[in-house]
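*Asks:* For reference, the structure I am asking about is given below.
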Amino acid sequence: MAPVVQQPAPSFKKTAVVDGVFEEVTLEQYKGKWVLLAFIPLAFTFVCPSEIIAYSEAVKKFAEKDAQVLFASTDSEYTWLAWTNVARKDGGIGKVDFPVLADTNHSLSRDYGVLIEEEGVALRGIFLIDPKGVLRQITINDLPVGRSVEESLRLLEAFQFTEKYGEVCPANWHPGDETIKPSPEASKEYFNKVNK
């Protein structure tokens, strides 16, 4: 069964490349933190390195928000390691500042509902998991289009805001923007401000 927002995220234990070495990584080790789990189809391709590099360059922004970034593919840990040893200018990913998970048996991709069975690769899924291990947001792209780091950060900040303050975030919300008190009467305050 595919994962569902508001339900516990599927647990996992996978071998990952972390700072150039192999380590076992589990979802449970990040309990108490936000987790952004992203899937890519294949190493040594075209859109995939652009995404990994973009998220790696923004990893400090995620860390400042108490969020751990993880990437996964159906490639082996050896493929991931080889890819980190190729310079970015040559299509590699170089040093990556988050764990990259090897899903060689496809269980992780299947559990998260992104596996294209006949091809043995994952769709471009992003899963935002809260500190309790509950799925809060799912986005799945078809293979040819990469994801936006800015949108991932915006969604993380919006969910964190709603958790902290109990208000809800309207379309295109960014930190500092007006929010909505979730009741028919109180919400009028927001709508009166933005719809003059």
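Every residue gets a Cβ built from N, Cα and C, even glycine.
Here Swiss-Prot flags Cys48 as active site, cysteine sulfenic acid (-SOH) intermediate. Taken from Swiss-Prot, the feature substrate binding site covers Thr45, Phe46, Val47, Arg124, and the record attributes it to similarity to another entry. The compositional bias 'Basic and acidic residues' feature in Swiss-Prot is assigned to 175-196. What Swiss-Prot lists as domain 'Thioredoxin' is 3-161. What Swiss-Prot records for 173-196 is region 'Disordered'.
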*Asks:* Just how many other Cβ atoms lie inside 10 Å of the Cβ on Val47 (substrate binding site)?
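*Replies:* Other Cβ atoms found within 10 Å: 17.
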*Asks:* Taking the centroid of the Cβ atoms of Thr45, Phe46, Val47, Arg124 as the substrate site, which other residues of that chain lie with their Cβ within 8 Å of it, listed in sequence order?
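*Replies:* Close Cβ neighbours, site residues excluded: Ile40, Pro41, Leu42, Cys48, Pro49, Ser50, Glu51, Leu143, Pro144, Gly146.
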*Asks:* On the Cα atoms of Thr45, Phe46, Val47, Arg124, which are listed as binding substrate, what is the maximum pairwise distance in Å?
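*Replies:* Of all Cα pairs among the recorded substrate binders, the widest measures 13 Å.
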*Asks:* Go through Phe46, Cys48, Arg124, the listed recorded positions, and name the one with the sparsest Cβ surroundings, counting other Cβ atoms within 10 Å.
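*Replies:* With the recorded positions Phe46, Cys48, Arg124, fewest surrounding Cβ atoms within 10 Å: Phe46.
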*Asks:* Distance between Cys48 (active site, cysteine sulfenic acid (-SOH) intermediate) and Arg124 (substrate binding site) at the Cα atoms, whole Å?
*Replies:* 9
*Asks:* For the residue listed as 'active site, cysteine sulfenic acid (-SOH) intermediate', what is the secondary structure by DSSP, using just helix, strand and coil?
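*Replies:* Once the DSSP labels are grouped into three classes, the residue listed as 'active site, cysteine sulfenic acid (-SOH) intermediate' ends up as helix.
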*Asks:* For the domain 'Thioredoxin' (3-161), provide the mean pLDDT of the predicted model.
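*Replies:* The answer is 98, the mean pLDDT of the model over that range.
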*Asks:* So how many other Cβ atoms are close to Thr45 (substrate binding site), meaning within 10 Å of its Cβ?
*Replies:* 15
